[in-house]
Amino acid sequence: MSQSYNEPVNLLLVDDQPENLLTLEAVLTDENYNLIKANSGEEALRYLLKYDFAVIVLDVQMPGMDGFQTARLIKARDKTKHIPIIFISANSKETNHLFAGYSVGAMDYMVKPFVPQILKSKIEGFVSLYISTKTLQMQTNLLHQKTLELEKMNNELLRVTYSLTKVEAQARMIHQTSIDSMITFNEEGRIMTVNPAVEIMFGYPDTDLVDKDIHLILPALSDLENRSGEAAGKGLSGKYIVGKLSEVKPRRANGTSFDAEIQIGEALIDEVRIFACTVSDITERKQAERQLVYAKEKAEIAARAKTEFLAMMSHEIRTPMNGVIGMTDLLLETDLSEEQREYADIIRKSGDSLVAIINDILDISKMESGRMELDPHPFSISSCIEETLDLFSAKSKERNLEMVTCIDPGLPSWYIGDVTRLRQVLMNLVGNAVKFTDQGGVYIVVSKKQEDEEYIELEFCVRDTGIGIQADKMPQLFKPFSQLDSSMTRKYGGTGLGLAICKNLVELMGGRIRVETPEEQNGTMFIFTILLEPYKSDHFMEETEPYCASSAEAEGELQHKHILVAEDNDINQQLISCMLQKLGYSFDIAENGELAVQWSETRDYDLILLDIHMPVMDGLEAARLIHARTDKHPPMVAMTANVLDGDKEKCLDAGMIDFIPKPLKLEQVKRLLHQILT
């Protein structure tokens, strides 16, 4: 696009006489010129530094720097040497003036008085030349700019062409070397192109498939048609769901099928709609998935077998332990010498230790299988900690250890959570603290870490002043069956399960556990957090002391209560009989569930205690029948060595109101019977 110079044209008028400048201005004022006047050569040179001029009209005779000197300086400067100069002089007959003027670069020479029209005509010629020159410069610059742009576009085109060539080469390489089959077909389903992988996957030479129906090798392609009304993308037909991976069963040349994954694409090329699909053979992946499912089923079977084995072993161990611990309880209630009481107490503690080990192993088993569940109920934090410390009060007194609890006074007293599991964590940590501390004390601090609308996150810190733990041993603390070293096991005992159980329980309650070494002090700090729900109740919950009735009270107040006991094991029969006699209750012993059902229909009982595993009829079936056949519905309580999750629920579903695990303890039986019968 051509352009012309439209800017105002500057003319420089130089004369020392103001009246001469006014004359020049009057001659040129009607034209579209920007007239700039200077009354000396020096002033003219200053204007030349600021403006660009088309013509200079220069007087020759001026004081100081005359016109010739001024012209020489103008012509000496590169930027101004091309500006036409018209000299005006009053010396019309002095030839040397004319030669001098032309010699310094003047384009014309006029003698005063000049003819205005001639001056205007000469200036118009020079201005026209100036405008033509400027226009030519602009067009030249524009042409140069367009040339640069074209060069840039050409370079970009070359780059894009190279990139496309490279991409095309890469695409061709992928198409030729891919292990996945790549097939294009038209709207009629006719195959247009295939890659070499098709012959390997389907058994057809690539040329044999061109122009064949796509359903020959992909009979299930019609199942991938877009029948759901799903909107098609811009420019797409919507015949197939584009971009979605689908599993199909393609057919080989020999008629066999195989597992494959297919993805369809669509494009419009030269007004022709083309579909492309990629077929991946996933036979090995499917086999691996089937093997994984099989392995998972085997692992689950093995886990169930392990759990059932542990449950059976637990039942088989707890059953005789019921007699050992129960009879020891009764023995400790009799008149014994100090030596006999010490022996009986050792038997009792050894039995409790064995039961604790069994419980730990079962807990780890349940955690590993993901069957551990929480049982949330309202509870008091302070009571939970006090009950835990009471268990270790005797041992701490023996070692002269102080047991200190500090609970943030701003915390609520009651929460909803699984107090049994929280107590289990505290028992493990406090038990270890007491075990490994010979002097000083054990300190429990409880504080609030954060709170939202649903939960409060509490932080517990159990600190001791014991032997401490080396930093390099800390990472293995929370691994099952882990001990710091064999000498520790020999000196302090333990299975190495306690801290692993703590970690699992804490995480089950939404928290984390860590171990630290107190700065500048001996000992260890175990810090854990748990999430609890605030207990929101309008009534105040008072903590009650456990009731322990004496034999005399039982004889006086509960001797009229009649209890039916269904138990097949002779030792357990003898144990529960001794306990009930000591507590002052009357009772009958049935050897199986069927006999218990019969007696419940003909006799009146205030309570029925049912063992779960019995010959002829088990306790669950007996409970269901008693509940269904009798109108009196006496309360029923399960006595069992089964301790797996779900056992308690089974008992409750059968119509029982509570669950008492074996081995039975006299205090536990006393408290339960009093709770139910009063």
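Cβ atoms here come from the backbone N, Cα and C positions, even for glycine.
Just so you know, TrEMBL annotations never went through curation; they're auto-generated.
Going by TrEMBL, these are the annotated features:
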- 10-127: domain 'Response regulatory' (DOMAIN)
- 167-219: domain 'PAS' (DOMAIN)
- 312-534: domain 'Histidine kinase' (DOMAIN)
- 562-677: domain 'Response regulatory' (DOMAIN)
- D59: 4-aspartylphosphate (MOD_RES)
- D611: 4-aspartylphosphate (MOD_RES)
10 Å Cβ neighbour count around D611 (4-aspartylphosphate)? 26
Could you give me the DSSP helix, strand and coil counts for the domain 'PAS' (167-219)? 25 helix, 12 strand, 16 coil
Whole-number Å distance between the CA of D59 (4-aspartylphosphate) and the CA of D611 (4-aspartylphosphate)? 137
Calculate the per-residue pLDDT averaged over the domain 'Response regulatory' (10-127) and state the result as an integer. 84
